[in-house]
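Taken straight from TrEMBL:
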{"type": "DOMAIN", "residues": "1-357", "note": "domain 'Kinesin motor'"}
{"type": "BINDING", "residues": "GLY106, GLN107, THR108, GLY109, SER110, GLY111, LYS112, SER113", "note": "ATP binding site"}
{"type": "REGION", "residues": "387-414", "note": "region 'Disordered'"}
{"type": "COMPBIAS", "residues": "388-404", "note": "compositional bias 'Gly residues'"}
{"type": "REGION", "residues": "434-459", "note": "region 'Disordered'"}
{"type": "COMPBIAS", "residues": "447-458", "note": "compositional bias 'Basic and acidic residues'"}
{"type": "COMPBIAS", "residues": "847-865", "note": "compositional bias 'Basic and acidic residues'"}
{"type": "REGION", "residues": "847-882", "note": "region 'Disordered'"}
{"type": "REGION", "residues": "939-989", "note": "region 'Disordered'"}
{"type": "COMPBIAS", "residues": "949-963", "note": "compositional bias 'Gly residues'"}
{"type": "COMPBIAS", "residues": "980-989", "note": "compositional bias 'Polar residues'"}
Amino acid sequence: RERTRGSKLIIKMDGTQTVITDPASGQDKKFAFDYSYWSHDGFTEQANGYFAPASAKYADQVRDLAGCSWRAMQLQIPTQKVFDDLGRGVLDNAWEGYNCSLFAYGQTGSGKSYSMIGYQANKGIVPIACEDLFKAIEAKKPEMKAGEEYQVSLSMIEIYNEQVRDLLVSKTVKGGLKIRQHPNKGFYVEQLTTSPVSSYAQIEAKIAEGSHNRTVAATNMNATSSRAHTIVAISFTQKTLDGSGQSMTRSSVMNLVDLAGSERADSTGATGDRLKEGSAINQSLSTLGNCIKALADQSTGNSKVVVPFRDSVLTKLLQNALGGNSKTVMIAALSPADINFEETLSTLRFADRAKAIKTKAVVNESPTDKLIRELREENQRLMEMLKSGGGEAVSSSGSGGGDGEGSEEAEERMRELMKRNQEEMEAMERQWAEKLAQAQAESQAQIRDKEAVGERRKQQPHLWNLNEDPSLSGLIVHFCEPGSHTIGREAEFQLRGISILPQHATLNNSSDKVTLTPQNGAKVCVNGREVVQETLLNHHDRVLFGNNHLYVFDNPKAAAPSPSPIPTFEAAQAELAENSGVMGLLGDKAKSSKDMLLMDDLVKLYPQVQEANAMSEELDRRVRFELVLMSPQGRGLRENEGRTEVYISLTNLDSGNEFFWSKDKFSDRKYLMRDMYQNYMEGESWKLPQEKDPFWEPADSPLLIGTCHVYLQSLAYLIEVAESFSVTDFRGEDQGKLEIELRPCDSEWRELGEEFSEPDDVIGQAINFKVKLNKGHDLSPKYAAYYCQYKFYLEDEFTRTPEASKAVNPQFKFEKKYTFKPVTKQLMDYLQNSYIIVELWGRQKDSGKKSSKTTKELMQGDKPKQGAVGDSRPAPAGAAAASAEAKNLKSELDTLKQKSERNEQKIKQLQTLVNEARKSGKDVLQVDKVDKILSATAASSARPVVNKGGKGGAAAAGGGGKSGSSATKAEEKRSEAMGKSTSAACSIQ
């Protein structure tokens, strides 16, 4: 709700139907699903934190809690809507012996974890299903016979950057755990920890342990939790006796999958990047989309479609859930805000395809003795194959599931499969009570430790972590006992990661007053401002160590009598961005929904740019990153063809060459930078060839230098245009000029002379003209080559000139002929009211020179460019320089906007002057009236109108009456039309 505050809601729920409204066109798109739930508003928060329905449309998490005590809340009364519709079916299927899968899909912050796990008093599907499962087991125990038992166990993994991590162990395996394939059971994770549990409290403790391990690893590696997939697998085995007294085993696996944010499923902004395929961060989500599409096609009868399950780790592990032996439920979590329209529509389309998939679930039940016998037989077969050196045979038989591996790897797979089979046999023969007792002792110890930490937090000052995923916040706690404590890579409180020194800072607790002292050169921020000397910490202060260790200081004894709001990750990040001056790019005007989206991007990207600069500094990569804003016009678009976007400027500190990356390209490159940095921190080989270096951008990469607008109004009167147009970059700075001509021609392509025609007379006739891009001049000498491109009228593809290699004054000598027969009213309207945007692109020179200074020294001497924010650290508290810089940027932006508004007003006034003259039958305009308008709005940009033949120019300069007596009517009309066209061009430039 905080993310969408101030936005217009575009989602409506009507029964099983979900309706989304396009905020631009107002058109509705309708989707039908099995269930549609609304939980954005329509509730009241009770004292215990439960969101009680205030209207019939609100789908609550827990039923009939009005008036219930907190104890009743803890007993988990079944949900009214969501659990009865979805969770109950998952639970019933598990009892019947079916594999079940429940996975949540949607953009970050849309409510995936809320639906699956819940939040505080509002429990989700998973905890209620687990509690109901154990309640049912307890109810059946009095009737259990000898030899009957119910077994529940849990595993928890994370998939990040195509690597699998076991979250129930604290140690991280380099490269992640391996994925193997069983001939009957499909893909599984090798050496995965499976913990027996006997209550939901134990499940909760195990999930908390996994979340803690996940948070520590993610923080140390600078990983992003919203880009990771989490799979909790709950295995449920029922051993019962059939009518003949034979032992039967019925098993099911409930896969609970929390997917990464779907806004990263397709990184279109990075299209064309040479390293796009090098980053595996988005591979699982994009492959999941391909699998869903292929399975949906298969369900329509297209049996030739191949489903690419093997293309990612996630889809391998979800193969049964998506198209095999499983009953599957998918929750599509949506943001109802207009600023998230594209992401929400994409999620709805994804879910619409997914509902067409058909799975084939079967009951997993067999006699226990038969299962043990089959495992022994398979082990015997594998042993014989090993003795005969049958490495190839295992691969061809499918037991190894290899993809063309050698015989040594195949034999390793066979040995691993034998080991797994042996473990399963031992598990079946071993007493469950023995395993459960051991697991319970461990779980009880974990629960006691968690309770002790909770009690200690109520008494003692401490730091607790803030994470972008709220469920991972507060899992890392550092207590500030009386005395002094060091923080750093080699300190009492160990922190690892970017910009963390061996001895980074010191905490001192004296009589419950805690101070923080950074070491020399250490980066420490308190409440968004950098501190360099001893600082007293107050209750709920936000503390940032290095680039990514964000904590909240809690001092229970100094807390205010009335509880203050608990700090959030978003608020802390916004605080850092605000103090850096980055928000000054927006000004302080009323924020529209587009401005809110822009502000959100700035807040998210600022710490990432800091991180990239810190990595560049430590690895000496000799580049600097900065945030810049680019308007649609600055990117070569028309005024209403997009919104202002955040781009990242990359500057080569040796050559001074500058490049601009979209936020998606920067994000993908940053994950490769993290991989490089992680190898550096672990002492492994980290340097890469230049073409694979994520920090490197080739000097000859095409760069948009600037654009110019060429108005086409003269063509509507069959009048030529031959001018030098100023090329302006996205910062509004003049980058040189382009000589461009528009030449009307006859049917033989001879250029017209003094001809003139009214636009209405041209409609229905043929029109021929040439567009000439002759040359550029006064351009920067830092470019080795130039080219221009533009689109005319309804063209989808750019028209591009050949590259010109002459520096400063390149000769394009480009000409393109256009013929329209007949001229339509639509074309004439385009000519009279529109323009072509000519883009000037360049390839920068590579000097090959390298400074003797380090990246850190070069950064300190290099100032951010106008309109960019990229300082490697926030402004120190009380520093006037950052404030002045922010005010200066704001002032410049306001000035540019005022100039633009005045120029637009000038065009309107000139058009009004022309319309009034036509109504009164006048053929010429008085120069003093035109001059008055130009002088009042943009005198500095006006320039004299020069007519090719000289007559038109003299007529225009001589005043209305004189020109009428000395020139023909056609010449006067030519002068009038040319004056309007030139004035429009002047105002734009």
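Every residue number used here counts from 1 along the chain in the order it is shown.
Backbone N, Cα and C define each Cβ position, glycine as well.
Unlike curated entries, TrEMBL annotations are predicted automatically.
Counting same-chain residues at least six beyond the ends of the compositional bias 'Basic and acidic residues' (447-458), those with a Cβ under 8 angstroms from any Cβ of the stretch are 201-202, 205, 208, 464, 477, 479, 554, 556.
The ATP site is set by GLY106, GLN107, THR108, GLY109, SER110, GLY111, LYS112, SER113; from the centre of their CB atoms, other residues of the chain with a CB within 8 Å are ALA104, TYR114, GLY261, ALA333, SER335. The Cβ of SER110 (ATP binding site) has ALA333, LEU334, SER335, ASN340, THR344, THR347 as same-chain neighbours under 8 Å, each 6 or more residues away in sequence. Note on the compositional bias 'Basic and acidic residues' (447-458): DSSP counts are 11 helix, 0 strand, 1 coil. The number of other Cβ atoms within 10 Å of the Cβ belonging to GLN107 (ATP binding site), over all protein chains shown, comes to 24. Ranking the binding-site residues GLY106, GLY109, GLY111 by C-beta neighbours within 10 Å puts GLY106 at the top. Non-local neighbourhood of LYS112 (ATP binding site): ALA104, TYR105, GLY106, ASP258, LEU259, ILE331, ALA333, each in the same chain, at least six residues away, with C-beta under 8 Å from its C-beta. Regional average pLDDT for the domain 'Kinesin motor' (1-357) in the model is 78. Using a 10 Å radius centred on the Cβ of SER113 (ATP binding site) and all shown protein chains, the other Cβ atoms total 20. For THR108 (ATP binding site), other Cβ atoms within 10 Å of its Cβ number 21.
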